[in-house]
Amino acid sequence: MSANRRIAKEYTDLQSNPIDNVTIEPDEHNVLHWTGVMQGPVGSCYEGGKFKMETTFPLEYPFKAPTIRFLTRIYHPNINNEGSLCLGLLKPDAWKPSIRIEHVLRAILNLLVEPNPEDAIVANAAELFTKDYALFKSTAQEYVRKYAG
């Protein structure tokens, strides 16, 4: 199955069985590029936020992982200021062709609920998360108010 057909099928599947708090839309001129919005999960530091994101699929998909980037600023140990994220299943040594974009989106939602300071790309956020969670939470919520409201 070509990348375009696989991506189109996964999009159709997501339309049939949407993920709560996630809306996505492929670029009408390029099926390899999607944009969307992820809402901060209830009970998380990011509750109430709406985070724009983009997904870029490589031509080799599903044999290579997509690249996902947050376009909305977020204070998170696993998401840097450029919006790049550190998510285990997207790493080249962990990626498998059986992983679908639905799994990736659900994993990102989970990362918003449970950041992983052991696999951080923003060291100061990870340190604050582990040493002073109250301050981490208030900082994350301030970012939500400023950038994702």
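Glycine too: its Cβ is placed from the backbone N, Cα and C atoms.
Curation plays no part in TrEMBL annotations; they are all automatic predictions.
Take the CB of C86 (active site, glycyl thioester intermediate) and look out to 10 A: across all protein chains shown you find 17 other CB atoms. In three-state terms derived from DSSP, C86 (active site, glycyl thioester intermediate) belongs to neither a helical nor a strand segment and is classed as coil. Positions annotated as active site, glycyl thioester intermediate by TrEMBL: C86.
Taken from TrEMBL, the feature domain 'UBC core' applies to 2-149.
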